[in-house]
Amino acid sequence: MTAPRRGKPPVHWADLTPAERRESLEAEGQRAYRARQLSSHYFEGLRTDPAEWTDLPPALREQLATKFLPTLLNPVKTSLADAGTTVKTLWRLHDGALVESVLMRYPDRVTMCVSSQAGCGMACPFCATGQGGLQRNMSTAEIVEQVVDGARRLDRGEIAGGPPPGADPGARDRVSNVVFMGMGEPLANYKAVVGAVRQLTTPAPDGLGMSARGITISTVGLVPRMQQLAQEGVPVTLALSLHAPDDELRDELVPINTRWNVEEVVDAAWEYARTTKRRVSIEYILIRDINDQAFRADLLAKVLRRRGNWGWVHVNLIPLNPTPGSKWTASRRRDEDEFVRRLESKGVPVTVRDTRGREIDGACGQLAATEVDEGL
Ligand code: SF4
């Protein structure tokens with residue numbers, strides 16, 4: 001599960017802690033208080049053009065920009081959906097690797113879905129990203145930059161939609177939620193992902209000042225890392241991609257299940273909820289005639305309820321967005337309805353996820369996979 005070490009990106013301001021920023025500036029022969037000025041431009045003002053840093057001497061602006069704000073993400077393609085309120089961006093990293101992020105603007109919130117690895121080594125057979133394998137881990141700053149880019153576009157008024165008339169204008173142009181559900185298995189790149197969460201949640205001007213409650217980290221179930229995250233002191237929401245309540249099927253749909261089985265991953269999820277007091281989300285992609293049978297809904301309810309009924313869990317059902325050429329497709333509507341009904345009848349809270357971005361290939365990793373196929 002160790003990522004290849006190719007293509008280490010240059011160090012960026014968003015890779016460094018506030019103390020490291022001050023030290024780096026001093027190593028450049030600069031005064032440490034400049035760190036706060038640069039952080040304020042980057043995290044608060046979202047200003048990456050040094051010409052706008054008017055509180056810094058002109059010669060110093062270029063020097064700091066070159067040293068600390070190297071370009072990490074180069075846009076390759078932007079796709080719009082949902083009347084321009086969903087924006088999916090394909091990025092090329094400095095070494096040519098492709099990743100994607102998606103901004104989704106709702107009337108009451110803005111969610112960024114970010115990638116944490118270029119490719120993914122988990123090999124889930126229904127997922128386009130999984131078919132290409134893992135290229136490399138992304139750095140903390142490469143993750144943070146996806147969010148900063150979304151925040152910048154909102155700030156510039158480039159994204160359609162927004163809150164209804166009369167809503168609090170302060171809520172208009174902020175990224176309120178970040179979900180680690182783009183390319184990659186976040187907990188397989190643990191250090192950079194937790195580093196990114198810290199950059200997102202550190203109060204301004206040293207970070208983006210988001211609430212940890214607005215951040216969701218998904219995992220296929222790397223149990224030791226789930227346990228570590230529970231002790232990390234960052235109360236993010238954990239989303240466990242379960243997709244099957246029994247080992248026989250989950251071994252096929254989520255191959256890492258052969259290492260940590262259903263009992264072990266659900267135990268770790270329950271433990272996470274118990275430790276952090278944060279409700280865990282169980283992700284379950286509904287695949288026609290594969291995992292959407294009524295008996296599996298009953299079994300899922302049993303597996304979850306066995307750990308108690310104190311509101312520790314919520315099930316998110318996701319209609320499958322099939323990858324091209326895949327043998328699997330989305331469930332019939334009546335099977336989806338019955339699945340929901342059976343979970344609800346056993347007291348398990350459940351929602352069917354909004355399928356934003358479907359018209360621009362909403363399944364994780366699909367856009368990047370398409371571009372790779374075209375030899376870009
Ligand atoms: S579904 Fe997620 S964990 Fe599985 S291969 Fe795709 S990106 Fe990786």
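Placement of Cβ uses the backbone N, Cα and C atoms for every residue, glycine included.
Quick look at what TrEMBL lists:
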- Glu100: active site, proton acceptor (ACT_SITE)
- Cys364: active site, S-methylcysteine intermediate (ACT_SITE)
- Cys120, Cys124, Cys127: [4Fe-4S] cluster binding site (BINDING)
- Gly184, Glu185, Ser218, Ser241, Leu242, His243, Asn321: S-adenosyl-L-methionine binding site (BINDING)
- 106-359: domain 'Radical SAM core' (DOMAIN)
- 1-21: region 'Disordered' (REGION)
Local Cβ density at Cys124 ([4Fe-4S] cluster binding site) - other Cβ atoms counted within 10 Å: 22
Cα-Cα distance, maximum over Gly184, Glu185, Ser218, Ser241, Leu242, His243, Asn321, record's S-adenosyl-L-methionine binders, Å: 19
Lowest local Cβ density (other Cβ within 10 Å) among binding-site residues: Cys120, Gly184, Ser218: Ser218
Cβ packing number for Glu100 (active site, proton acceptor), 10 Å threshold: 26
Distance [Cα-Cα, Å, rounded] between Cys120 ([4Fe-4S] cluster binding site) and Gly184 (S-adenosyl-L-methionine binding site): 4
Reported mean pLDDT - the domain 'Radical SAM core' (106-359): 92
Those binding-site residues listed as Glu185, Ser241, and which of them has the most Cβ atoms within 10 Å of its own Cβ: Glu185
In sequence order, those binding-site residues of Cys124, Glu185, Ser218 whose CB lies under 6 Å from ligand 1: Cys124, Glu185
